[in-house]
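Student: Pasting the relevant annotations from TrEMBL:
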{"type": "ACT_SITE", "residues": "K10", "note": "active site"}
{"type": "ACT_SITE", "residues": "D137", "note": "active site"}
{"type": "BINDING", "residues": "P95, A96, A97, A98, G99, L100, G101, G102, G103, S104, S105", "note": "ATP binding site"}
{"type": "DOMAIN", "residues": "67-142", "note": "domain 'GHMP kinase N-terminal'"}
{"type": "DOMAIN", "residues": "218-277", "note": "domain 'GHMP kinase C-terminal'"}
Amino acid sequence: MRLNEHARAKVNLTLAVLGRRADGYHVLDSLVAFADVADSLSLEVGPDLSLEVSGPRAEGAGALADNLVLKAANALASRFPGLVLGHFHLMKALPAAAGLGGGSSDAAAALRLLARANKLALTHDAVVEAARATGSDVPVCLEARSRWMRGAGEILSEPVALPPLPALLVNPGVATPTAEVFRALAFEPGHVAPYDEMLPRCIGLAGKPASLVDFIASGRNDLQPPAIALRPVIGEAIEAVGQQPGCRLARMSGSGATVFGLFDTREAAKIAAEALRPFKPGWWIVETSIG
Ligand SMILES: C[C@](O)(CO)[C@H](O)COP(=O)(O)OP(=O)(O)OC[C@H]1O[C@@H](n2ccc(N)nc2=O)[C@H](O)[C@@H]1O
Ligand SMILES: Nc1ncnc2c1ncn2[C@@H]1O[C@H](COP(=O)(O)OP(=O)(O)OP(=O)(O)O)[C@@H](O)[C@H]1O
């Protein structure tokens, strides 16, 4: 039996860092959505666990043994005795260490495939715990629906019904290790500001895309300044995207380096992608839809 899943790119439309817990992890308040650009993962169900990676971005995923697909599968197997496993094939299209949670989304897709093969609900404790144990972004990627994400990533709101937002994703070709960007904030552990109650306002705007973009623009990504300090080309990418006709907002996602631009129409996003590509041949530039 062969099962297939897409692992869509995660985009942090807003990302406030409220402080740092005593355990060193940072407390976030982030509106997370998913783009219609993805890696593909398949599972040939069988007794043994194995993985093969191919595709244009396979190299960025690093050593096979460290792949988050295997980490997630092992995390679930250790929590659910007798789990049926199998051979995974990952087709890597998303850039790695890019703020798009590519590895986290692959791990979540692996958990969805194993849950299907073993007739487990995604809400089963073993699946939820395996997601948390694999990485901070994996819980939100499990169902891959737009949500507010809080805590270190483990507190999730109900899904937020966002309209599809026409967008451009631009990665300027530099990896930004997440831990390094958080460290550059230089927050002392033990100080955390209260959550801003933005959630109800956002739900009210979901039927009005223009106001929703204004709302997102009124937020921020607190990891953007330290990421730009570490990788100045991110600032260049934000400027390049923001200058495109019809761009309503240009901001970095996650810990970078990928920048998203929000546009009123898919056509405007496509024109922007075509305008940028000839000037930046080394950059990953795709028009997409987020939400
Ligand atoms: C930046 C985000 O992508 C926003 O969605 C996530 O918070 C990061 O998620 P992730 O890549 O799955 O991160 P993990 O693999 O769990 O953690 C990598 C490193 O980032 C730092 N980290 C991560 C999440 C968090 N809330 N606080 C942190 O300080 C820790 O140093 C950790 O060792
Ligand atoms: N399947 C995978 N795909 C991509 N990277 C992987 C995978 N498995 C393990 N990794 C490792 O995980 C690291 C982070 O990759 P990932 O793409 O998930 O992070 P990210 O895009 O920085 O996410 P964030 O949104 O947290 O900033 C990579 O440097 C890579 O070595």
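Glycine is treated like the rest: Cβ placed from N, Cα and C.
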Student: Taking the recorded ATP site as P95, A96, A97, A98, G99, L100, G101, G102, G103, S104, S105, identify the other residues of that chain whose CB atom sits within 8 Å of the mean position of the site's CB atoms, giving them in sequence order.
Tutor: A9, K10, L94, G254, T258
Student: Which residues of the same chain, at least 6 positions away in sequence, have a Cβ lying under 8 Å from the Cβ of G101 (ATP binding site)?
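Tutor: Same-chain residues close to G101 (ATP binding site) (Cβ under 8 Å, separated by 6 or more) are A9, K10, D137, C141, G254.
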Student: Using DSSP and three states only, what is S105 (ATP binding site)?
Tutor: helix
Student: Around the Cβ of D137 (active site), how many other Cβ atoms lie within 10 Å? Please give the count over every shown protein chain.
Tutor: 26
Student: According to DSSP, folded down to helix, strand and coil, what is P95 (ATP binding site)?
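Tutor: Where P95 (ATP binding site) sits, the three-state DSSP reduction gives coil.
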Student: Give the sequence-ordered list of residues that share a chain with G103 (ATP binding site), lie 6 or more positions from it, and have CB atoms under 8 Å from its CB.
Tutor: A61, N67, L68, A96, G135
Student: If one looks at the chain holding G99 (ATP binding site), which residues at least 6 apart in sequence have a CB under 8 angstroms from its CB?
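Tutor: Result: N12, T176, M252, S253, G254, S255, G256, A257, T258.
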Student: Counting across all protein chains shown, how many other Cβ atoms sit within 10 Å of the Cβ of A97 (ATP binding site)?
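Tutor: Around A97 (ATP binding site), other Cβ atoms within 10 Å: 21.
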Student: Which three-state DSSP class does K10 (active site) fall into?
Tutor: strand
Student: Mind running the recorded positions A97, G103, D137 against ligand 1 and keeping the ones whose CB falls under 6 Å of it?
Tutor: D137
Student: Indicate whether D137 (active site) is helix, strand or coil by DSSP.
Tutor: coil
Student: Which residues does S105 (ATP binding site) neighbour through Cβ under 8 Å, counting only same-chain ones at least six apart?
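Tutor: Once residues fewer than 6 apart are set aside, S105 (ATP binding site) is near A7, R8, A9, K10, A38, D39, L94, D137, C141, A144.
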